[in-house]
Protein chains: 2
Amino acid sequence: MVGGGQLARMTHEAGIPLGIRFKLLSDTPQDSAAQVVSDVVIGDYRDLATLREFARGCDVITFDHEHVPTEHLRALEADGIPVRPGPDALVHAQDKGVMRAKLDALGAPCPRHRIVKDPQDVAAFAEEGDGFPVILKTVRGGYDGKGVWFVRSAADAAEPFKAGVPVLAEEKVDFVRELAANVVRSPHGQAVAYPVVESQQVDGVCDTVIAPAPDLSEELAGRAQELALRIADELGVVGHLAVELFETVDGRILVNELAMRPHNSGHWTQDGAVTSQFANHVRAVLDLPLGDPRPRAKWTVMANVLGGDYPDMYQAYLHCMARDPQLKIHMYGKDVKPGRKVGHVNTYGDDLADVLDRARHAAAYLRGTITE
Amino acid sequence: MVGGGQLARMTHEAGIPLGIRFKLLSDTPQDSAAQVVSDVVIGDYRDLATLREFARGCDVITFDHEHVPTEHLRALEADGIPVRPGPDALVHAQDKGVMRAKLDALGAPCPRHRIVKDPQDVAAFAEEGDGFPVILKTVRGGYDGKGVWFVRSAADAAEPFKAGVPVLAEEKVDFVRELAANVVRSPHGQAVAYPVVESQQVDGVCDTVIAPAPDLSEELAGRAQELALRIADELGVVGHLAVELFETVDGRILVNELAMRPHNSGHWTQDGAVTSQFANHVRAVLDLPLGDPRPRAKWTVMANVLGGDYPDMYQAYLHCMARDPQLKIHMYGKDVKPGRKVGHVNTYGDDLADVLDRARHAAAYLRGTITE
């Protein structure tokens, strides 16, 4: 796996019972996954020679993030190393312009959008629809709210163009909530769909995920799962695909983003599903039969733990474990910095209000925003 | 953790979400746990200098097995390294003579027993009760049926004395089945009890575990849990304690063996309990609050996967995953040798017959004793 973040850490954890020999390419020995994996190569994933050296002896290459240059992935494939997801699929998660063009071609429902060339063009894009505000995104390099701008006027729209990367304009969707449809697909075409979840963002960062999405009609849930399965198939995705969706005020679903790797909206599966997204990602990239994606509890809630003002979470960690013996804590081994994702918690049970309350309490207590 | 076997492998797996930095002392780099742990020291646990070097920088030492010499554990404690379980507790799992004497002192129910000095003394022991057969055990060094003899006459009883280790004689108990009461205890005295399970042995090796033990009266289950909690407390155990029990024809429970580490009879907890034995062992040795030991399913069954005649299990592994997408496979990364424990499977559900059948089918198919 290329990339030493928490997704690699949790993928290794899931691979241990499968008997997988896991090899990691990590930027530093302190990275989240590098702390817990036996076979670690330290190096820069942007360097092709490093990637080639790393790939020697690997049966298959997969990723903790989407930042490996497409041309490097093609070079690895030319060397005969299976890359999963492959570059032709992954480019749709790397480049939002390519993604939108492909989804349009598939007839997948998207927010109104087009590539814009300057602030005047942004104003024109606004005029073509309901006017400002407009969302601007650099087509490459963004995540967790980075590389995304909420723009109220042409005068406001200069910043996104400074990076010299093409800029995608999208209508501001009038949504009631965000959903995610997560699926896993194998090279031989087997696929499984997890229950559709509700994802709640705070300041552009995923805060809470509720599985399954409350009060979602079976019809809309089925449509979202079918859409995600179709995208996975049409794009030739291998591994986990997260399709982030808007549920609109008028009852439609629109594709917001695609991610081709284990995803924050699927962390609940570690404790809430028969087979976790991490285990199924491993099974898919190794072309093993996939595991059952069904939920084990009526409700599962995931809450992200962000760093707060105090670097030492230990006392809070003790408190949360003592307060709720059913709490499932997942720490990433990262130094605590304000706003940094350093872990998550999962809770599950029959009573959604209770399950939500326990997850939110633990996340807030660990962050230090509450002390009781 | 001292010892690189599968228990250390699965303890590391359980420690990852807790954010634990896990350091391993392993005999070889190929050992089950050494394949998946980042921080591995290769060395001999029987050598005090190696242990001392390994222990430097550890917050606490715990064990994958019970073979570290008691005097070495005392030396580490004298160096100021917390050893959990400590030598005064662990000796009861290392020496069956010490264990029996202590359990007698506690009034814990045991099979009739005493240390015997030669075959004539074995005959005398038999005469004191219901005669032959008699079970003989060397007080140290046995496991999985090794170091244990089933003796039908004094003439049969020479072998156990050849090792020069004291020999314990025990009556052959007329039992209906074997049970295990598993508990976890913290340094500050918090303790949790898992449901009492039924353990089925084949040729002296654990074959299947059913959680909870079917048709066990609440009264007897409660008595077994109380007994295990009392033993953990009186012996000052820290970490996981497995109390292997006989359920006798006349409705009593008798202590067969003690193990102070995660135990084969607790592997079902990985997929069948809110908190696994491995996670709770880690939490106990680090004096973290313990997790909920309650079951997540009505029935969970664990079946051990032993090596068969074919060294390559890969096709069988594919078959089992494809046949049963709910099957939870746990492989140890070990070379397959006939009769060697190389993994286990867990199944769970509401219908015991189905859950048992799925676990046994997978274990037999992986071993190669069935092909359909």
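Including glycine, each Cβ sits where the backbone N, Cα and C put it.
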Quiz item: Where TrEMBL shows B:Lys137, B:Glu170, B:Glu171, B:Lys172, B:Val173, B:Glu178, B:Asn256, B:Glu257 binding ATP, which of B:Lys96, B:Lys328, B:Lys334, B:Lys337 is named for the same site?
Solution: B:Lys96
Quiz item: According to DSSP, does B:Lys96 (ATP binding site) fall in a helix, a strand, or coil?
Solution: helix
Self-check item: Local Cβ density at B:Glu178 (ATP binding site) - other Cβ atoms counted within 10 Å
Solution: 21
